[in-house]
Amino acid sequence: MASASGAMAKHEQILVLDPPSDLKFKGPFTDVVTTNLKLQNPSDRKVCFKVKTTAPRRYCVRPNSGIIDPGSIVTVSVMLQPFDYDPNEKSKHKFMVQTIFAPPNISDMEAVWKEAKPDELMDSKLRCVFEMPNENDKLNDMEPSKAVPLNASKQDGPLPKPHSVSLNDTETRKLMEECKRLQGEMMKLSEENRHLRDEGLRLRKVAHSDKPGSTSAVSFRDNVTSPLPSLLVVIAAIFIGFFLGKFIL
């Protein structure tokens with residue numbers, strides 16, 4: 001009995017499958033989703049294969065059968081048809097890769113499978129896994145597209161600098177000249193203000209000694225005349241502050 005059961009035992013799968021056990025399909029599933037299955041033949045013999053599924057209406061497989069030469073690889077495209085995805089429903093779909101060593105002078109593939117003995121067949125089973133992209137995956141997919149304008153802005157930013165430097169040099173010279181002129185005006189106005197203040201004191205002394213009644217008139221005239229240079233000094237200071245602020249910025 002042991003020998004009989006050993007005779008009926010299947011051979012281990014000769015092909016190397018990639019992926020070996022799970023076919024992963026990544027959503028969204030509003031369109032056809034394709035995943036690839038690589039079949040590698042590491043032996044020195046030709047191997048016949050065919051791909052079966054428990055849900056033939058839901059998938060399109062190309063190629064679904066064929067012959068793999070020794071040391072060769074065949075890529076099988078498994079295309080999942082669009083459907084309404086329910087995250088709470090686990091996929092029960094499965095695939096099976098069935099293989100058999102090709103007989104010499106093979107001419108009819110269908111006849112090979114029909115005449116194959118059970119102990120000559122080798123098979124591997126794979127389950128289907130449906131995955132929806134999470135928020136992190138969406139952000140990672142968006143990052144490359146965002147990086148382009150960010151890098152572009154960084155590259156575009158420094159481009160005008162050589163031109164702006166030459167303008168700043170010319171503008172700096174003008175500002176320095178304007179500052180010097182305004183400083184000279186301020187010194188001149190300060191000198192005039194000091195002179196007028198001294199003159200006002202002298203006039204008040206003269207008026208006080210000669211005509212006491214005219215003190216208020218002189219004082220009034222001094223109060224009217226004196227703020228004018230002070231106002232000019234304030235205006236000049238504002239201009240200097242404006243130009244210096246522009247220069248610093």
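Counting starts with 1 at the first residue shown.
Note: Cβ is positioned from N, Cα and C throughout, glycine not excepted.
According to Swiss-Prot, the protein has these features:
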- 168-207: coiled coil (COILED)
- SER166: phosphoserine (MOD_RES)
- THR170: phosphothreonine (MOD_RES)
- SER214: phosphoserine (MOD_RES)
- SER216: phosphoserine (MOD_RES)
- SER219: phosphoserine (MOD_RES)
- 50-53: region 'phosphorylated FFAT motif binding' (REGION)
- 2-228: topological domain 'Cytoplasmic' (TOPO_DOM)
- 229-249: transmembrane segment (TRANSMEM)
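Sorting the region 'phosphorylated FFAT motif binding' (50-53) by DSSP state (H, G, I as helix; E, B as strand; all else coil) yields 0 helix, 4 strand, 0 coil. The local packing around the residue listed as 'phosphothreonine', expressed as other Cβ atoms within 10 Å of its Cβ over all shown chains, amounts to 9. For the topological domain 'Cytoplasmic' (2-228), the model gives a mean pLDDT of 79.
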